[in-house]
Amino acid sequence: MEVPISGGGGGERFCHAAQVVGADGEMDGEAMARFAAGAGLLGRGLSYAVVSIVGPQGSGKSTLLNQLFGTSFTEMDALKGRSQTTKGIWIAKAVGIEPFTVVMDLEGTDGRERGEDDTAFEKQSALFALAVSDIVMINLWCHDIGREHAANRPLLKTIFEVLMRLFSPRKTTLLLVIRDKTKTPLEYLTQALKEDIQKIWNAVLKPEVYKEAALSEFFNVEVTALSSYEEKENLFKEQVGQLRQRFIHSIAPGGLAADRRGVIPASGFCLSALQIWKVIRENKDLNLPAHKIMVATVRCEEIADEKLKSFISDKGWLELETAANSGLVPGFGKKLNAILDFYLSEYDTEAMYFDEDVRTAKRQQLESEILKHTYDAFKKMLEHLHHVVLNKFKSDLEQSLRSGEGFAASARYCVQSSMAEFDAGLRDALVKHAEWDTTKVRSKLEQHIEAHATSVRGTKLAELKANYEKKLLDTLAGPVQSILETGEKDSWACIRRLYRHATESAILAFSASLSEFELDQTTIHKMVMELREHARSIVEEKAREEAGNVLMRMKERFSTVLSRDKDSMPRTWKGNEDIRAITREARLAALRLMSVMAAVRLDDKPDKIDRALTTALLDGGPLSQKRSIEFTSDPLASSTWEEVSEKNTLITPVQCKSIWRQFNAETEYAVAQAISMQEAHRRSNNWLPPAWTVLLLAILGYNEFIFLLRNPLYLLGLFVAFVVSYAAWLQYDITAYFRHGTLSGLLTITSGFLPTIMDIITAVINMSHNQKSSSHPPRHRPPLHPQSFRNQAQQQSQAQVQYQAPSSLSSSSSVGSNSDDES
């Protein structure tokens, strides 16, 4: 039951009085909690005192408390008789006293209402008062002092007996209040009372550990006396006022409270009282130090849970968490530290009076829980920081490389600046209370940076290598192909010189370019060897490509040597050329070309390929004496060349033999055509009669010759005929007509003679007709050029030949073509 009361002590003040232990001996925890909250006890820390009063029933305990502390406990109405007024334990707040003072009014002893249960409850309530109170007031009748069977002796004996059940009890102030003081001086009363108390203390059975202990080790005994309230009310109130002053600042050094070492903080008082009463009711020994630890544990856990919930719902933290999930938050650690410090500070303030070890342990747990709750946000921050720093490293490295800086120097600088930026961001995000291991995050960033740098380095090296490989391709491919096409004996010597010069130049420049990457010697040597091998592969690939076209190249070479002379002029087969020698020379050139393309000779090792091909294919074949001397068997009856490795073989001996056979078959026609042209030329040059015929004509025609000399007109006519015949000879290329035989030439000339005469007559008639029909004065015509006349006559003659003799035209055309070749 709770009642608002109006207390004395100088003014009306409202306070809460609550019954925390009922008549049945059960404690009402909720009533205790409501009292603490309503009276403002929870926030007092250690700045509070607990005063309880015990004494015989009807001794005026409640009246004294109401007068002394301004409380309003229910008082006994003397007009209704002496009976039990206070049942169980009541609690209230002292009015107008600092520090905050909790006042407990305990049920009186020796009450007839409780009967046989009086002793048990008396001990329980007395033990409870000793456990929770700083000051225990014992209400005593003055007339009982010095009496052996006084009413106060069982009460004191009960207090001393229950004291033994307190494990490591603290020193408590026993304020003995002598009621209804007589004229006996207080000094005598105090001395008699202390003697009685000492006798009672000595008579109490004590544990072995406290057997020799003095009363002063457990109690600070104070004695005061009050006059009768009913008979001397004013004096009573005056004395109560003086006693009230002793309760002001009671917990200060030298104050009325004797020992403050085991005080429970105010926020844990309700829990402590509840647990103490529970242990007392279970009739167990009360271990106050252990109880203190228990209360501290429970209360610190409650405070820590409250602060954790407040932190989780804190608006500032929620905003910070949302921002951290979205991106990098500048000052994340500083902001989180401020929020964390605020709640830890609140925890410290509320738990500062509890056991230090418990308080510290629970603080660490609270801190750990808060940090555990914030770790995800911190982890997100590190992920954002990792992403930002890695992207910046990529951008800085790319920009540095574009500006022309060396790769190794650029990468080193960018790595250092990026890691420094990450460390700065990490320091900005760290929470000072946390001991989170960030080495893995840093190592992961270093790995990603190193991986990107390695990737970029690989790309740059690949580009650099590809660039030099292309240069080698441009330098070697064309010249190697050109040299192989010549098919000279020193072709591979020229290729080797070209290969070495191009390779060494490229390697020198390549090595200089690699210096900016600061690679180890093993890697540099490997890349240089790869470039060298690439150069070799270019030559080998080009050689294999040309070897695949060797038959075509051989035919081209054969055709070139056969159809052109040493000055590269087209040959005219006039009949005096040695076709056999020329053919051999052409075949030898083609064979030499095949010899050049038969194997790769970059190692400058001697071989017998050229000699084997010449001996086997050109010097007489199987029956050649030279071959029988130098080679014991057919050198081409094998799939490999002597002194040539298989990988360097482009055309095997067997393939050479097959190619040569095909080559001969495809070039025989060209040789046969040359021989035919030579024979035709010879026949064309033999149309004149033999010399003996000319001599016979000269002897037989002597008379005719003398006749012509004697008749000049005949001689002139013969001269004119000669001139005309010579002109016709030159104009119509009579020699060409007779190239294919005398009969063919005569037929061609005869077929074209009549049309020519007709054309000449027609031209003369047209000229005379034009002169007569002209109305203009006669003008001098330009003379008809003989060459144009001949051309016109030739055209008409050819047209006539086409019309009358097609077969003659074909013969004439073929002869004409041969004539053009000769010219």
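A Cβ is built for glycine as well, from the same backbone N, Cα and C atoms used for every other residue.
Residues or ranges marked as GTP binding site in TrEMBL: G55, P56, Q57, G58, S59, G60, K61, S62. Within 10 Å of the Cβ of P56 (GTP binding site) there are 21 other Cβ atoms, across all protein chains.
Summarising the annotation, TrEMBL assigns compositional bias 'Low complexity' to 786-823.
What TrEMBL lists as domain 'GB1/RHD3-type G' is 45-260.
Residues annotated as region 'Disordered' in TrEMBL: 770-823.
What TrEMBL lists as topological domain 'Cytoplasmic' is 1-688 (among others). For the topological domain 'Cytoplasmic' (1-688), the model gives a mean pLDDT of 84.
Taken from TrEMBL, the feature topological domain 'Cytoplasmic' covers 734-823 (among others).
Annotated transmembrane segment per TrEMBL: 687-706 (among others), in sequence order.
Positions annotated as transmembrane segment by TrEMBL: 713-732 (among others).
Annotated transmembrane segment per TrEMBL: 744-765 (among others), in sequence order.
Other than the site residues G55, P56, Q57, G58, S59, G60, K61, S62, same-chain residues with C-beta atoms no more than 8 angstroms from the centre of those residues' C-beta atoms, the GTP site, are M76, G108, N139. By neighbour count, meaning other C-beta atoms within 10 Å, the densest spot among the binding-site residues Q57, S59 is S59.
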